[in-house]
Amino acid sequence: MTTLRQRRVGKGTEAAEDQPAEEKNGKPDGEILSDHTGGKLWNILSITVGGIVAISLGLLTSVYVATLHENDLWFSNIKEVEREISFRTECGLYYSYYKQMIQAASIQQGLHGLVYDNKTESVRTINILERMNVYQEVFLSILYRILPIQQYLEPVYFYIYTLFGLQAVYVIALYVTSWLLSGTWLSGLLAACWYITNRVDTTRVEFTIPLRENWALPFFAVQVAAITYLLRPHLQPLQERLTLLAVFVATFLFSLTWQFNQFMMLIQALALFILDCFDMLPTAKVTWLYIIQISGLLLVCVLQFFNSMILGSLLLSFNASVLLARMIQKNLKTGGFLNRLGKLILHVLLVLCLTLLINKFIKKILNLESDEHIFKFLKAKFGFGATRDFDANLYLCEEAFGLLPLNTFSRLSDTLLFCIYMFVLFLMTVAAVIVAFRNLSGSNQIQLMGEMEERTVTLKPDAAYNLIHTVLFGCLALSTMRMKYLWTSHMCVFASFGLCSTEIWKPVLKCIRLYTPQRTRVIKYSVTITALLYISYKFWPGIMDELSELREFYDPDTVELMNWIKSNTPNTAVFAGSMQLLAGVKLCTGRTLTNHPHYEDKNLRERTKQIYQIYAKRAPEDVHRILRSFGTDYVILEDSICYERRHSRGCRLRDLLDRANGHIMDGLGENDPDLKPSLYPRFCEEIKKNLPSYTTHFTRVFQNKTFHVYKLAKHK
């Protein structure tokens, strides 16, 4: 049978459209219908299988991390106080509000206790719902109270199982994003496998369960998946509206559950801004995304009783500036290359100036200083002058806020993830540069037909967004190790998408003159399956060994301290000490604290610095006066801080205090020339000698190998 094919000459397009369907497609009607039906059935089967695999992998991941948590702590066998102590530092503080809501006489009384809280910071009444992102604890506690599960499930298990369940949402969202980008669920399978096998670098949920990022990152992954779908061309109006709703809901939940949401979304807004400037995304959709970020954050601001840190966020100022600048420069995307480049530079400068002006104006009007410690930290970190600021140095000296260690890349390379990621990143970056240059030159207006179309480098909007997303969050991770989890999880998505993408293999094969559609399809599937087999062969035995390794929680000194506090101090007693320990004191004993690890408040930061004078070189009467000014009844001293060896000289807590107080640091080494010797010995060391000048103000009431508790005299 003779078949006809559509001519490749541009002028023949209209004529071809007038031909019968049989001639246009080169097949009889019956054969076309059969092919269409077969293709539709295959798509349904593929989506069904892919969906089942996604849900299965998500559930397996939840079970995996839950099993690791149980095996590491023997959580089901240890006492309640030991379970609570296992929620270290700020994790314990957040969980304490869930416990408080569970133990309240009613939901109304529980909420009243959070809104008018006088136990988290002594001699102050604060609104916990305004200060901290704990709506998830409130929601979960209410859910636990109203569901008929109290007889079958302890509150702590309901809490941790919810967090482990969110890991399923996280993995499914990563899977779906990779699937949307590549067009095959096989890449989603590879992304999920990489996430699991690189668990050390992709999540820390099994040992920091209540941490805010473990609540927020699953919703962030859902948001990225929804944005990826939104940026696909030819969406129906209903599809687009539903996708925008999904983006809004995910953005809102992400913002509600993490205090650092504004900084993550600022990076996301920068990605959208860069792509919009180079005309690589539809402007209308970018505008909607800006509006969604603003509205989501403002809604959270209302729920958090107009939290000052949100009102003064750079994100709100930046998004408002972009929308305002776009109204001022209406013809930004017209003209030749030099004309557009000039307009673009002016546009960037205008947005930058407007952002700084609006942000400065808001902070000045509202007298906002909640996030100043973050900017002090960034200024010192990137070398804009040395600082003795205690808060900035407290961050700088923590390993989590340092540069990403080089051994991270070797671990990621063991699973082939980093190697493939760099390969895909290089090719996609080259394509993005070419497309950006072509868009600025205005050559995207030329109709591309025939051979020219075959030779043109293209980059789909959804792929372009994920490229800039991974680059910007990669820069964040390289500069601050704690933020690597935002990058490494998306790295799994990006690398798996590239390995399964025709956009990657097509230009590669063309360069070596081996391109055919069939060969491209064979290579992308075979390489992906080979990577999956390699990962399974190399890492499955290790995962099985990990799951069979049993440990047990053991911290007798802290358990002894908490039991002593509950048995020997009044319920109204006020405790001072390190932020990390006091979070556990509040959770395990319910006693009132002087300070805590949630550091996003200027008054609390100043208070913490004052409390920490217990580890500085200060007179006993000065320390007593400071502690009593905060209503302190008992102070807990930790040998691990007083005689700290974890950090090097200059980064020990006592060194930070000495420098902030203008005193020479202990030990051999250099000191700044203006530092002076202190007139007094170190308080935490000298108090243990029971000298009269100390016993007048402090009486030791408890001690073990780790902790020393002193009761303060109440002088008139």
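Sequential numbering from 1, following the chain as shown.
Cβ coordinates are placed from backbone N, Cα and C, and glycine is handled just like the others.
Annotations in TrEMBL come from automatic prediction, not curation.
Per TrEMBL, the feature compositional bias 'Basic residues' maps to 1-10.
Here TrEMBL flags 1-32 as region 'Disordered'.
If you look up TrEMBL, you'll see 21-32 marked as compositional bias 'Basic and acidic residues'.
What TrEMBL records for 41-66 (among others) is transmembrane segment.
Listed by sequence, the residues of this chain that lie at least six past the ends of the transmembrane segment (215-231) yet keep a Cβ under 8 A from its Cβ atoms are 136, 163, 166-167, 169-170, 173-174, 176-177, 180-181, 203, 240, 243-244, 246-247, 250-251, 253-254, 257-258, 261, 264, 281-282, 285, 289, 460-462, 465-466, 469, 485-486, 489-490. Annotation source TrEMBL lists transmembrane segment at 215-231 (among others).
Counting same-chain residues at least six beyond the ends of the transmembrane segment (243-260), those with a Cβ under 8 angstroms from any Cβ of the stretch are 132-133, 135-136, 212-213, 215-216, 219-220, 222-223, 226-227, 229-230, 235, 288-289, 292-293, 295-297, 299-300, 303, 309, 598, 600. The transmembrane segment annotation in TrEMBL covers 243-260 (among others).
Residues annotated as transmembrane segment in TrEMBL: 266-284 (among others). Beyond its flanks by at least six residues, the transmembrane segment (266-284) meets 231, 290, 293, 313-315, 318-319, 322, 333, 344, 347-348, 351, 432, 435-436, 439-440, 444, 459, 461, 464-465, 468-469, 472-473, 476 of its own chain at Cβ-Cβ distances under 8 Å.
What TrEMBL records for 296-324 (among others) is transmembrane segment.
Positions annotated as transmembrane segment by TrEMBL: 344-362 (among others).
Remote same-chain partners of the transmembrane segment (416-437), defined as residues 6 or more beyond its termini with a Cβ less than 8 Å from a stretch Cβ, comprise 194, 198, 278, 280, 409, 457-459, 463-464, 467-468, 470-471, 491-492, 494-495, 497-499, 501, 503-504, 507-508, 531, 534-535. Among the features that TrEMBL reports, transmembrane segment is placed at 416-437 (among others).
As annotated by TrEMBL, transmembrane segment applies to 522-540 (among others).
Using a Cβ-Cβ cut-off under 8 Å and counting only residues 6 or more beyond its ends in the same chain, the transmembrane segment (344-362) has close neighbours at 273, 277, 311-312, 314, 316-318, 320-322, 324-325, 328-329, 332, 368, 440. Same-chain residues lying 6+ beyond the ends of the transmembrane segment (41-66) with a Cβ under 8 Å from its Cβ atoms: 160-161, 164-165, 167-172, 175-176, 179, 185, 188-189, 192-193, 195-196, 199, 203, 205-206, 543, 547.
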